[in-house]
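S.K.: Here it is, the structure in full.
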Amino acid sequence: IIMYLLWPLLFLHVSAQHLTLLKQPKQEGSVRLVGDLPSSGRVEVYHDGQWGTVCDDGWELAEAQVVCRQLGFPGAISVTPGGQYGEGSGPIWLDDMNCKGSESSLSECSFKGWGVTDCSHKEDAGVVCETGKNITSNRQFSVDNSLGLSDDLGLLFDSGDGCDFRVNVQDVSEEQELTFCVHSIILMIYPELNITNDSRNLAVNVSQTCHPHVSAFLRYLYTRQIDVSITSAQCLHQLAFIFGVRKLMEDVGRVFTLLLPEDNTFLTQVSMYEYGVRTGDLVLQENVLQYLSWNCEYLISSPVWSTISFHMMDALLQRSDLILRDEALLLEALERWIQDKGDEISSDQQASLLNHIRFLLIPVDKLYEMQFSSSVLHQNHEKLYLTGLLRGFQFNALLFSKIRNQMENMSSEYLSRIYTGDEWSVIINDTTVNYPYHHYYYGQNNRIQTFSTPAHPCALYREQKVQWQAQVFLSAQECSNYGISCTSFPVARFVGYGNQERYTSTIRYSNRLILSCKYENNVFHVQDFKNSMAVVPNNSSMDLPNPCPDDYSFRFVVRPEYI
């Protein structure tokens, strides 16, 4: 049907048309950068019908982060005080700024009051925004839903001849708007746009950083084909949401999952999660949360940690796939985040987050030290905090048979996350050398590691050890040397022996294999063991692509759980 309706248009001769429209009304509180580059310049804010500047008193990186994200950039690189981008004119709207860094617009931050200032334009503040150049690569993935649509439709869009409908791409910080001339019959295919025979134009508000990607998106409406990269993924997802193109939203969300390892700053991942919340894309939210959970320890140590929102923190703390040294580290990171947020996080929100901490799984020696701490959470929620410590001590001191019934009411509190402390894991880095099977080489084979762990984190079992052997095989011969059959490589084997059998009625071991890049440290794959074996999937079948196919490590993690 689509081809029948569009076929007459394919015979039209084409020539590109891009028109400039008159200025559109600006939005209260919008910001813009005045300078030679889109990503840096003097900050100006729109208020009471005119643009004005911002004084550099109190102008720091937190304020710059808010401006850059409001404009659609991943974040800020630096602040530029003292009129470095020239002196503005007109009012100085904002002075003594005090942002937390997580506000959605500059006007949400604390300041003296509109136009209340003792500054001159020599103190006009500026910023340098992050443009994505720190991203390790910009690989592209092709989305093709053409289903036999003619390539001539793409040429039809490129030419614009015979077009009868204008898409006005607006940005509140721009003086001019870019306009594309398209064919209304194409847009009528997308019912959420409510395009009728009487419609002649459509206004689309997207940030300036997305403007370069609008043409490719509109062309997709004709051809159902588009290339997606990490720098275009969020913009294309946003445009698909605006136009109601659900299939493209899903495809871009999946492509973005493949691109998650490309940004080691976490700025893109956090931004995409927040966008997924705004658009209601649950798949995108889950994909980003999984990646951040796997890389939790790196996220905690990054500058981005203090900027994440309450609802994102709430979602992360409820997950059992967080990879980090131990639960105490997570509590310390939460306390630091609450301190950074200050009054932005209410007492009820603090208590809600504290309830997600699994005190039962904090090592008992650290539980003892924590009762004497003067942390923010301890002071603000003493009863809740001490209750968590008490339950932790009970978990460590009582037999499982004594607390089994109570544990059924504790939900996930006693379920282990993926703790990678030295006593619970071992790393194998050697993934290239083939070793012949001979007793002489056994001690030199770095792909065979033997170590011991406590039977369980509970203090009752800490002195009772279980022996483990971790192995990585790269060939059928290596597997055969150990009396096992392997059909795909590499393959990991994780075997417990010795005292392990003594605890099978009380404790099970849900062990995990973690793959991560040796030098960049980002985790890109996690899987469990089936019958002590874990066959590493190839790159095309992994949840995330392997960003370091020739230089990654295997981490074997022991995860004891009460049955």
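Any Cβ shown, glycine's included, is placed from N, Cα and C.
TrEMBL does not curate its annotations; it predicts them automatically.
Below are the features I grabbed from TrEMBL:
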type: DISULFID; residues: Cys55-Cys119; note: disulfide bond
type: DISULFID; residues: Cys68-Cys129; note: disulfide bond
type: DISULFID; residues: Cys99-Cys109; note: disulfide bond
type: DOMAIN; residues: 31-130; note: domain 'SRCR'
type: SIGNAL; residues: 1-16; note: signal peptide
S.K.: Looking only at the domain 'SRCR' (31-130), how are its residues distributed among DSSP helix, strand and coil?
M.R.: 16 helix, 36 strand, 48 coil
S.K.: Quick one: Cα separation, Cys119 (disulfide bond) versus Cys129 (disulfide bond), in Å?
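M.R.: Cα of Cys119 (disulfide bond) to Cα of Cys129 (disulfide bond) measures 24 Å after rounding.
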S.K.: Please compare the disulfide-bonded residues Cys55, Cys68, Cys99, Cys109, Cys129 by how many other CB atoms fall within 10 Å of each one's CB, and tell me which has the fewest.
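M.R.: Taking Cys55, Cys68, Cys99, Cys109, Cys129 as the disulfide-bonded residues, the minimal 10 Å Cβ count falls on Cys109.
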S.K.: Between Cys68 (disulfide bond) and Cys109 (disulfide bond), what is the CA-CA distance rounded to a whole number of Å?
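M.R.: About 14 Å separates the two Cα atoms.
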S.K.: Any idea what the Cα distance is from Cys109 (disulfide bond) over to Cys129 (disulfide bond), rounded to a whole Å?
M.R.: 19
S.K.: To the nearest Å, how far is the Cα of Cys129 (disulfide bond) from the Cα of Cys55 (disulfide bond)?
M.R.: 18
S.K.: Between Cys99 (disulfide bond) and Cys55 (disulfide bond), find the distance joining the two CA atoms and give it rounded to the nearest Å.
M.R.: 14
S.K.: Measure from the Cβ of Cys119 (disulfide bond) and count the other Cβ atoms within 10 Å, all protein chains considered.
M.R.: 17
